[in-house]
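Engineer: Quick one: the structure is below, questions incoming.
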Amino acid sequence: MRKKRKGSETEGWENLPDDLSCSTASRSSNFRSHFSLEGYARLKKRCKETEAVESVGSFKRRIAGVATAPPCGASSLVSSGRGLKRKIGCIDVSTQTGRKNKIDDDYVFGRNIGKGKFGSVRICKSRKNGTEFACKTLKKGEETVHREVEIMQHLSGHPRVVTLHAVYEESDCFHLVMELCSGGRLIDQMVKVGRYSEQRAANIFKDLMLVINYCHEMGVVHRDIKPENILLTAAGKIQLADFGLAMRIAKGQTLSGLAGSPAYVAPEVLSENYSEKVDVWSAGVLLYALLSGVLPFKGDSLDAIFEAIKNVKLDFNTGVWESVSKPARDLLARMLTREESARITADEVLRHPWILFYTDRTLKTMCIKSKHKSQAGSSTCLQNRSPTEKTDLNRADREKKIPSDSPTDSFSNTEEEEDESGVVDVLVVAIANVRISEPKRSRVCSPTNNPIEQQHSSNLTSTSTLCRAF
């Protein structure tokens, strides 16, 4: 019997574009900062926390001396015990609330870079060393403010969670000083790119699922996974942000209350009885958009979108999906399963063959092995040359090398990277369409005395996994 915990109250939702593949101008016009569900909420039972919470005018009213934080050096793939507590002295002093410091004494405010229902985001520069940060200003009076600060403290230290550097408290608001992700938002990149190659999508998606899995292990449900809340660093790596709707959850508990963004919300949220698997559904919607360029569930109104989420059957066999590999479609089908108990977990997503095949580790292994072959071939040729010829060749080789002191973006190696991604995608689709008879399949999948080395599947646990996946 699962214990049920109600969410705070029906939260704000954002209106998202239905089609990510149309022109940039029309796509931009589809965005609105926030789309309120207050009218819709009146038709629903207004939910409140079952836990007794004192007045939220200041963090000083809460239990002093205790806060939450992750275990030091915890791996995202190793269970952490869900929500370990530590003394507040173990948390960075600058991120503790109730300090007397004034933000104007430490930072200079710059331009506004974002605005939402609960506050605004501005660039701020450190007076001490000139480093730029993002400052999120949140008005007091909403419990989401206190919860967001606590959860960011709880999750701090993970490389894919936006780092909280300092918290300043004033009479009417909190200032959260966080790392500045200069690469912008993932949604803006999606609008420009349209459809992503499977290789590129898989590497973005794996990083996202790693941080979602970490949140779930730490007893946190984000409840608002969408590309607007995924930021990019200068190197193109993702950072999960905006924990305003996030909730703490114990193992076996369920949540209630509407929260999230309409196009990404899981069907069980509409029934107001859900668990951390709502994040898996939302991530599945994002993966669908990355691979197809459009959102799966659309409508002219909230009710129409919700009706599509509850009833529309997704077709992964026609249109753009004919050029997408079967493993990718299989993963999507498992993530966008309406039956929550049948939906895979974040950890299972990370172990799916499609993720294992396309991630950096697998592809780097392919490159290293091919490089070793080419180096072996060139060394054989050098052995047959005179010492003078070897010296000339080595000098010429050194002169050809270009210094790589300029910063590179893993998502901006443009044509060459995209060409390689396209080749891999074509090969995967071709392999997926191969039909192997059962006798041949048993011979291919069964171990032999002289197994063939599979350079492209070093991340897979067995050859049988490869046969089932492709």
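Heads up, the Cβ atoms here are built off N, Cα and C, so glycines get one too.
Pulled these features from Swiss-Prot for this protein:
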- 107-355: domain 'Protein kinase' (DOMAIN)
- I113, G114, K115, G116, K117, F118, G119, S120, V121, K136: ATP binding site (BINDING)
- D224: active site, proton acceptor (ACT_SITE)
- 377-386: compositional bias 'Polar residues' (COMPBIAS)
- 377-419: region 'Disordered' (REGION)
- 387-403: compositional bias 'Basic and acidic residues' (COMPBIAS)
- 441-464: region 'Disordered' (REGION)
- 445-464: compositional bias 'Polar residues' (COMPBIAS)
Engineer: Between K115 (ATP binding site) and the residue listed as 'active site, proton acceptor', how many Å separate their Cα atoms?
Structural biologist: 16
Engineer: Can you tell which of I113, V121 has the least company, meaning the fewest other C-beta atoms within 10 angstroms of its C-beta, among these binding-site residues?
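Structural biologist: Candidates: the binding-site residues I113, V121. Fewest Cβ atoms within 10 Å: I113.
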Engineer: State the mean pLDDT for the domain 'Protein kinase' (107-355).
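Structural biologist: Over the domain 'Protein kinase' (107-355), the predicted model scores a mean pLDDT of 92.
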Engineer: Using Cβ-Cβ distances, find the residues under 8 Å from the residue listed as 'active site, proton acceptor' that belong to the same chain and are at least 6 apart in sequence, listing them in sequence order.
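Structural biologist: When sequence neighbours closer than 6 are ignored, the residue listed as 'active site, proton acceptor' has D242, G244, L245, A246, A259, G260, S261, Y264, S282 within Cβ distance under 8 Å.
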Engineer: So how many other Cβ atoms are close to K115 (ATP binding site), meaning within 10 Å of its Cβ?
Structural biologist: 12
Engineer: Tell me, by DSSP, whether V121 (ATP binding site) is helix, strand or coil?
Structural biologist: strand
Engineer: What three-state secondary structure does DSSP assign to I113 (ATP binding site)?
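Structural biologist: Once the DSSP labels are grouped into three classes, I113 (ATP binding site) ends up as strand.
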Engineer: What number of additional C-beta atoms lies within 10 angstroms of the C-beta atom of G119 (ATP binding site)?
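Structural biologist: G119 (ATP binding site): 21 neighbouring Cβ atoms within 10 Å.
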Engineer: Kindly assign D224 (active site, proton acceptor) to one of the three DSSP-derived states: helix, strand or coil.
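Structural biologist: In the DSSP reduction, D224 (active site, proton acceptor) maps to coil.
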